[in-house]
Amino acid sequence: MYASREDIGYDFGDDSKVGSKPIKPNPNIDGGWAWMIVLSSFLVHILIMGSQMALGILNMEWLEEFNQSRGLTAWVSSLSMGITLIVGPFIGLFISMCGCRTTAIIGGILNALGWILSAYASNVHYLFLTFGVTAGIGSGMVYLPAVVMVGQYFQKRRALAQGLSTTGTGFGAFLMTALLKYLCTEFGWRNAMFIQGAISLNLCVCGALMRPLSPKDLREKYVRSDSEENRAKALSHSTETIKSNEVLGEEPEKKEEAANEEVLGSVQHIEIGGKSGSGRSMYGLRLFKTVSQLTVTVRKGFALWYSSYFGAASLFTNRVFVAFIIWALFAYSSFVIPFIHLPEIVKQYNISRQDNVFPLTSIIAIVHIFGKVILGIISDLPCISTWNVFLMANFSLVTCILTLPLMQTYIGLAVVCALIGFSSGYFSLMPVVTEDLVGTKHLANAYGIIICANGISALFGPPFAGWIYDITQKYDFSFYIAGLLYMVGIIFLLIQPCIQKNQLREKSTEEAQV
C-alpha cells in the first residue's frame, strides 16, 4: 500500500534550504532532555486522558445523585472529553503566540479549578459548565502541547517516543479507575472530585518541564529530516505543488516580519536616544518595548496560525489530510463509548461480581499500554510502513466494536476488550501520521484539527449511545451504528490516497506525452 511519507504524497517542509554542509546533531533531539519531555507527556496522559477514561465511575454516581436520564447524564463526560479535543485549533493559536510551556501551565490551573468547582454541583447542568467546559478547556490546553513537544524533540524514534508517552492513557485509566472507586466509596463523589482537582495541579509541573527548543534547533531538525528524505526519494509532483503554495503564503509572512523588525528597531533607537533622560522616561520606554515585543509575538503567532488554516498553504489543500479529518470524525466515539457505558453493560448482564475482581475497563487500559508500545516499535522498523500499521489497527478495532454486543459472558467481553485495548494502540501513531502528512512545522495546527474532529466524535458518541439505550433498552444498536460509521471513515482513508496516486500518475503521463 503506502511505504513512506512520499507515497502519501505531502510534506510542507522546505527542501530548498538543504545544503551539503554537515549538520552537528543537537544532543536534545532523540536524546537528553527529550526523554524528560516524554516523561512530562506521560504524566499529562495519566492525569488527563486516564481520568477521562475512568469517568464511567462518576457517571454512575451522577445517575444516582441527580436521577436524570442516561443520555443527559452522559453529556457531562462527553463535554469534558469532547471539549478537550475540540479546542485543539484554538490551542494551536495559543501555542503559536505563547509557546507550549505557558499554555500547559495555564491549562493545568484551569483543569484543577474545573474539578474543584464540580464538587459543589447541585444538578447536571452545573456540571456541564464546571466539569464539561472549564475542566475540558484546561485539559485541552495541556494535552496538545504534550503531544506537540514530543514531536519536536524526536526525529528517528518518533513512533516509539509517542507510544511511550501516550501509554499514560492506559496507566491512567487503570490507576484512576481504582482511585476514583476508592475515593467515591470512602469519601463520596464530591470529595473525590475535590481531591482529584488537587492532584490535577501537578499538570502545572508537567508544563514547566516542557522546555522549548531554540529556533536554530528546530531548523536543524527540519534540515536533517528533509535531507534524509531527499536521499531516499525525489519529491513528488504533489509535494512541489504544496510547496509552491507555501512560498506564496510565506511572502506576506516575510513582509510582516520586516514590519515587526522595523517596529522593534524604532523602539530600540528611541531607547538609545533617551538613555540620557530621566529614570521615569526610561521606565516608560522599557514598558513600551515590552509591550511592542509582546505585540510582535502575538502578530507572528496569529499569522502562522491563520496561514495554516486559511492561507495559500492551507492544510485543507492536502486531500489525504482532509480524508484523515473525516476518519477522525467517526473514529474516536467507537473507543470512548465502551469506557463510558461498560459499567452499565456489566450490571445489565449480571456479571458485576467478576467485573469487581478485574474490571473490563481496566483490561482495555492495561492492554492499551502494550498496544501503544508494540505498535510504536513495529512502526519504527525501517521495512515497516507506519501508514499500513495504522490502517491494520483500525480494521482490528472496528471489528471488535461490531463484535462486542454479541458477547454476553465475562470471558467473551474480556477477550474483546483486550483486543480493543491493543488495537486502539494506534492512537500513538496519530501524531506520527499527521507529521508525515504535513511536516513538523505545521504539526501543532494540523494535530489540533485532528483532535478537534476526534472531540466532535467523543462529544456526540456517548450521549447518542445513551439515547439509543433509552429507546431500545439495549446498547447493541449503539455499537453497531458506531462501528459502521467508523468503517466509513476507514474507507475514506483507503480511497483518497488511491485517487490521489492515480491523478498524479495520469498527470505525469500527460506531461511525458507533451
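Cβ atoms here come from the backbone N, Cα and C positions, even for glycine.
Feature list (source: TrEMBL):
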DOMAIN    37-501  domain 'Major facilitator superfamily (MFS) profile'
TRANSMEM  33-55  transmembrane segment
TRANSMEM  75-95  transmembrane segment
TRANSMEM  102-120  transmembrane segment
TRANSMEM  126-148  transmembrane segment
TRANSMEM  160-180  transmembrane segment
TRANSMEM  192-210  transmembrane segment
TRANSMEM  320-340  transmembrane segment
TRANSMEM  360-378  transmembrane segment
TRANSMEM  385-404  transmembrane segment
TRANSMEM  410-433  transmembrane segment
TRANSMEM  445-465  transmembrane segment
TRANSMEM  477-495  transmembrane segment
So, taking each listed stretch (33-55, 102-120, 360-378) in turn and counting its Cβ pairs to the transmembrane segment (75-95) that are under 8 angstroms, which one gives the highest count?
33-55
Do the transmembrane segment (160-180) and the transmembrane segment (102-120) share at least 3 Cβ pairs closer than 8 Å, excluding pairs fewer than 6 residues apart in sequence?
no
Stretch-level contact, the transmembrane segment (477-495) and the transmembrane segment (320-340), CB cutoff 8 A, at least 3 pairs:
yes
Which residues of the chain, 6 or more past the ends of the transmembrane segment (320-340), have a CB below 8 A from one of its CBs?
8-10, 53-56, 59, 74, 77-78, 81, 85, 173, 360-361, 364, 394, 397-398, 401, 404, 417, 420, 424, 427, 433-434, 437-438, 446, 449-451, 453-458, 460-462, 464-465, 478-479, 482-483, 485-486, 488-490, 492-493, 495-497, 500
Stretch among 33-55, 126-148, 192-210 sharing the most Cβ pairs under 8 Å with the transmembrane segment (360-378):
33-55
At a threshold of under 8 Å on Cβ distances, which of 33-55, 102-120, 126-148 pairs most often with the transmembrane segment (192-210)?
102-120
